[in-house]
Each structure stands twice: as C-alpha cells, then as structure tokens.
C-alpha cells in the first residue's frame with residue numbers, strides 16, 4: 001500500500017476546489033496553485049526515486065485487490081511523465097500569474113487548470129483501463145472549459161469543433177472498452193495483458209486494438225490532427241502552452257501503454273500501421289509548418305511533427321527506439337511548453353501574428369531573443385540541447401529495426417522543424433528593428449523568468465543526459481518487458 | 001405578467017416535499033439497494049428544478065439563498081476528504097468501514113463512512129445540476 005501514489009492526482013483536485021472559495025482574491029489563486037504544483041512536483045520526484053529503488057509501486061483504492069478494484073500503478077515511465085508535466089505546469093502557472101488575465105482568473109482559471117493536471121496525472125498513473133477513460137474525461141472536461149473560457153468568438157467556434165471531436169472519440173473509447181470487457185472479462189491493464197498473452201491476440205483482439213489506436217490517435221494528434229492547429233491557436237498563451245505540452249502527450253502515453261503492454265503480439269499489423277501513421281503525420285505536419293505565415297499555426301504544426309517523431313520509436317519497437325521515444329517525450333513536454341510561451345509572448349509584445357509583420361525584436365528584447373534561438377535549436381535536435389539524445393536514439397533504433405524510409409522521413413521532418421522556426425527567428429528577431437525603444441511594451445520579469453527556466457531545463461536535460469538515462473533505461477525496460485509490469489501490478493503479497 | 005399556472009404552483013408545493021423525501025430515501029437506500037449519492041442527488045435537484053419552473057428564478061433564489069457553485073464545491077471537498085480520511089487510519093485511499101450500533105430508539109443501526117462520501121457526491125450533483133439549469137435559463 002502506497003498512499004503517496006494518489007497525491008499527484010488528489011492534491012490538485014483539493015487545491016482546485018479550495019480555490020473556488022477564493023474567487024475574489026487573485027493573489028491566493030495564483031500563488032496557491034503554484035504552491036500546490038510545487039508540492040506535487042516534489043512528491044512525484046520522491047515517488048520516482050522510490051520506484052527506482054523498489055521497483056513498480058501499486059495502490060489499491062479502498063483495499064480492493066486487483067484485478068477487482070481500481071489500482072494506481074507507478075512505473076518509471078509513468079512517474080517520469082508525471083514529474084515532467086508537474087514541472088511544466090509550475091512554469092506555465094508562473095507565466096499565467098504574471099500575465100494577470102483578470103477576466104479569466106475571475107472565472108476560475110486556476111481551479112480548472114488544476115483539474116486538468118489532476119486528470120493528466122491520473123491518466124499517467126492508473127492501472128485500469130476504465131479508470132484511464134475517467135481520467136481522460138476529467139482532463140477533457142477541464143480542457144473544454146479552458147477552451148471556451150473568456151468567450152471570444154474564435155474560441156467558441158474552435159471550441160465547438162474540439163468538444164464534438166473529443167466526445168466522438170470518447171464514445172469510441174467507451175465502445176472499445178466494452179468490446180474488450182466483453183471478450184476478456186477484465187479491465188485491469190496487467191490482467192488484460194496476461195489474458196491477451198494467453199490467447200495470443202487473435203484477429204478479433206487485433207481489430208479491437210485498432211479501435212483503441214484510432215481513439216488515442218485522435219487525442220494524440222496522430223494523423224487525426226485536423227482539430228489541433230485551430231483550437232490551439234484560439235487559446236491564451238499560458239493555457240495553449242499547457243495544452244501543447246500535456247494533452248497530446250497523454251494520448252501518446254496511452255498509445256505506448258496499450259501497444260507495449262496489451263497489444264504487442266501482432267506487431268506486423270499494429271506497429272506497421274502506427275509506423276505509416278507516424279510518417280503521414282510528420283509529412284502533413286511539415287507541410288503545415290512551412291505553409292503558413294501565422295506563427296501560432298506554425299508552432300501548432302510543430303506539435304504534430306513531434307507526435308509523429310515520437311511514434312517512430314513505438315513503431316520500430318525495440319529497446320533503443322523506445323528509450324529514444326521516452327527521452328524525446330520528456331524533452332517535448334518541456335520544450336513545447338517553452339515554444340508556446342515564447343510565441344504567445346511575441347504576440348503579446350507586438351500584437352502581430354504573422355512573422356513578416358515584425359522584425360528586429362532581438363534589439364528590443366535581447367535575452368528573450370536568445371531564449372528563442374535556444375528553443376529552436378533544441379527543437380531541431382542540435383546538440384547539446386535536449387532534443388538531440390532522443391532523436392539519436394530513435395534514429396538508431398529505427399535503423400536497427402530496418403525502417404529506413406521511416407528514418408529518412410523522421411530526419412527530413414526535423415529539418416522542416418528547424419526551417420520553419422528559423423524563418424520565424426530570422427524574420428521576427430533578426431534585421432532592422434520595427435518597434436521604437438520608447439514604444440516597446442514592458443516584458444515583465446516573471447513572464448521572462450518562466451521562459452528562461454524552461455530554456456535552462458532544456459540545456460540541463462541535454463547536458464545532464466547521464467543523470468536522466470538510468471530513469472529512461474528503467475522506463476524502457478518495463479515497457480519492453482510486460483511481465484515486469486504485470487508482476488508489479490498484480491502480485492498480492 | 002405570467003400566464004395562469006395556479007395548478008402547477010399548487011401541485012408543486014406539495015410535490016416538492018414528496019420528491020425531496022423520495023430523494024433522501026433513495027440516497028439512504030443506496031447502501032444495499034439501488035440508489036446512492038448520485039441518484040439521490042439528481043432526485044433532490046429535480047425538486048429544486050420543479051420549483052424554478054413553477055415559480056420564477058428570483059422568488060426561488062430569495063427563498064433559498066444558496067450559491068449552488070459553492071454547494072458543488074463543498075460536496076466535492078467532502079467526497080475527497082472522506083477518501084483522504086482513510087489515510088489517517090493507515091488504510092488505502094478511499095477505504096471505507098462500517099459498524100452496527102445499538103441505539104436507544106432505533107435499535108440495531110448500521111453506520112458506514114461511505115454515507116459521508118455519498119453525501120459529498122449528492123451535494124456535488126445538486127450543485128452542478130442546479131447551476132447548469134439556472135445558467136441555461138438565464139441565457140434564454
């Protein structure tokens with residue numbers, strides 16, 4: 001029994017509900033939510049260390065032993081993601097606290113952000129497929145509110161699409177769960193894995209797995225990403241950064257979990273489909289990233305390219321490529337948060353959304369400009385920044401698996417990432433300054449600080465690869481050996 | 001200003017109490033039979049919705065001066081805190097316990113901590129349903 005496992009989910013809920021009572025006091029809202037997430041971050045770090053020491057931890061809710069009750073299972077993969085997302089949330093909340101969007105703060109911005117995090121952390125930690133659905137719903141309901149909070153016309157039109165598409169995919173998810181329960185009679189993920197291994201994944205189960213693939217692809221933005229650029233574009237900066245950093249990653253997490261733990265017996269079907277989808281995603285994302293002049297569109301398509309890239313690792317399906325994916329996932333959570341904060345800040349400072357309308361920002365805001373350069377180098381996978389290790393390992397793993405086309409597409413897409421962002425940098429930051437010193441908007445230190453901390457984290461993650469690599473290796477070890485997870489999640493001692 | 005809805009108003013004055021009693025009954029029976037916090041809460045809130053339909057929003061709000069958003073918040077807080085309460089006794093999150101006591105008037109009576117949890121659920125449902133109903137009616 002490890003009650004500590006529930007804290008990353010429950011603390012944000014409690015704090016969110018308590019903050020409802022302090023509606024008129026924005027200070028309590030801002031700093032209360034940041035404090036909560038700092039505590040959650042420290043707790044997740046502690047759990048991560050404990051997982052490294054003692055192996056997989058488990059908590060049975062209400063002391064109902066698995067497979068009958070709901071369990072939370074913490075392995076290194078889940079805890080790495082919980083820790084990283086809590087860290088990014090702290091910095092996004094810090095940004096929001098200094099952006100001081102009082103209209104939204106009055107309408108419960110922070111409680112809903114905290115509920116979103118509760119859903120995200122719950123989805124990472126749960127060991128039960130139906131509970132995963134519930135955590136998805138908690139996250140999605142909060143995201144529906146955040147999507148439409150503020151009630152701008154653009155938000156409402158994009159919000160309707162976002163809500164409809166997600167309700168549809170939730171319905172598919174529920175359908176898939178029903179099919180799975182009908183065929184296997186259990187929903188505990190470890191137990192499911194055991195039973196699927198016993199029957200050897202017949203075609204019926206493979207078909208069900210493809211239903212799950214569709215559902216999670218919709219959430220992750222794998223091929224089915226048509227909803228993503230529009231909806232991310234409509235959001236205020238801090239919220240869009242959090243969405244870009246976390247929401248698609250939960251879908252990616254679910255894909256990894258289900259296709260390494262549950263449906264891993266027919267890789268020639270499922271993993272080939274995932275590989276093709278990853279390539280289509282990267283190609284489509286690359287075209288999108290260079291097709292627009294609107295910086296928000298460009299960065300939204302960058303999210304999509306990264307999703308394709310991470311899933312190359314899953315499609316190659318060996319230890320090395322999965323290690324690379326985990327590395328890249330952690331990197332991407334940090335750096336996509338950073339990228340969206342940067343782009344949102346540019347729009348806040350200049351009031352322009354197209355990159356050909358502004359130039360020379362680096363003379364107005366030198367530090368800010370250099371942070372943007374670090375962001376784009378990191379995203380492009382240039383050493384010593386954090387993107388490099390992940391790209392290298394994914395590429396190596398895919399070569400080992402003999403997926404040469406996939407490797408080519410993946411690295412070409414990296415060039416497109418670099419090109420699309422360099423275009424923003426050269427046009428907006430380089431060149432003659434278009435804003436006079438006396439007209440420039442003051443960039444508050446708090447907003448700059450959260451960008452700076454994230455930039456330092458991406459440098460630190462790149463340089464400190466040896467610190468992170470044991471965690472990543474352990475996470476990949478559990479993902480590639482389902483028996484370890486089953487042992488940890490089902491044993492009754 | 002309103003059409004003549006004297007029949008609706010007279011009936012609902014009585015019906016509201018029947019619905020409320022039935023809601024409480026469903027809430028309590030949920031321990032062993034169909035019912036529980038969610039269903040009980042829905043039934044309780046239907047009584048409030050009936051009041052809002054039969055009379056108008058202003059007079060009901062004047063009669064029952066509650067901020068339903070806060071009712072929902074209190075409900076969720078109760079539900080989570082009972083879940084966390086089991087941690088104090090060294091059990092897993094959301095563990096429940098129950099016991100029988102011999103009370104002077106009621107005789108052998110069962111008490112279960114899950115009732116506290118369910119009361120939180122019920123308050124949450126009442127708060128949310130009425131908030132939704134009132135905000136929809138404000139829009140129209």
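Each residue, glycine too, has its Cβ placed from N, Cα and C.
Taken from TrEMBL, the feature transmembrane segment applies to A:6-22, A:31-48, A:68-95, A:107-124, A:130-150, A:204-228, A:235-256, A:268-292, A:299-319, A:325-349, A:361-384, A:404-426 (among others). Per TrEMBL, the feature domain 'NADH:quinone oxidoreductase/Mrp antiporter transmembrane' maps to A:127-416.
Residues 77, 80-81, 84-85, 87-88, 91-92, 95, 99, 232, 236-238, 240-242, 244-246, 249, 252-253, 256, 295-296, 299, 302-303, 306, 309-314, 358, 361, 364-365, 368, 371-372, 375, 378-379, 386-387, 389-391, 393-394, 424, 428, 440-441, 443, 447, 450-451, 454-455, 457-458, 461, 468, 472, 475-476, 479 of the same chain sit 6 or more residues outside the transmembrane segment (A:325-349) yet have a Cβ under 8 Å from a Cβ within it. When Cβ distances are compared across the two stretches, the transmembrane segment (A:299-319) makes no contact with the transmembrane segment (A:6-22), since fewer than 3 pairs at least 6 residues apart fall below 8 angstroms. Same-chain residues lying 6+ beyond the ends of the transmembrane segment (A:268-292) with a Cβ under 8 Å from its Cβ atoms: 206, 209-210, 213, 217, 221-223, 225, 229, 255, 259, 298, 300-305, 307-309, 311-312, 314-317, 403, 405-406, 409-410, 412-413, 416-417, 419-420, 423. Sequence-distant contacts of the transmembrane segment (A:235-256), counting only residues of its own chain at least 6 positions beyond either end whose CB sits under 8 Å from a CB of the stretch, comprise 77-78, 81, 85, 88-89, 92-93, 95-96, 99, 101, 104, 109, 113, 116-117, 120, 123-124, 132, 136, 139, 143, 146-147, 149-150, 155, 212-213, 216-222, 228, 274, 296, 299-300, 303, 307, 310-311, 314, 322, 325, 329, 332-334, 336-341, 343-345, 347-348, 479.
Beyond its flanks by at least six residues, the transmembrane segment (A:31-48) meets 4-5, 7-8, 11-12, 15-16, 18-19, 22, 57, 74, 76, 79-80, 82-83, 86-87, 89-90, 93-94, 97, 110, 113-114, 117, 121, 471 of its own chain at Cβ-Cβ distances under 8 Å. When Cβ-Cβ distances under 8 Å to the transmembrane segment (A:130-150) are tallied for each of A:107-124, A:204-228, A:361-384, the top count falls to A:107-124. Listed as Cβ neighbours of the transmembrane segment (A:107-124) (distance under 8 Å, sequence separation of 6 or more from its ends, same chain) are residues 8-10, 12-13, 15-17, 19-20, 23, 29-30, 32-33, 36-37, 40, 44, 78-79, 81-82, 85-86, 89, 92-93, 96, 101, 131-132, 134-143, 145-146, 149-150, 239, 242, 246-247, 250, 253-254. Here the transmembrane segment (A:204-228) has long-range neighbours at 136, 161-162, 165-166, 168-169, 172-173, 175-176, 179-180, 183-184, 196, 247-252, 254-255, 258-259, 262-263, 266, 269-270, 273-274, 277-278, 280-281, 284-285, 300, 303-304, 307-308, 311, meaning same-chain residues at least 6 beyond its ends whose C-beta is under 8 angstroms from one of its own.
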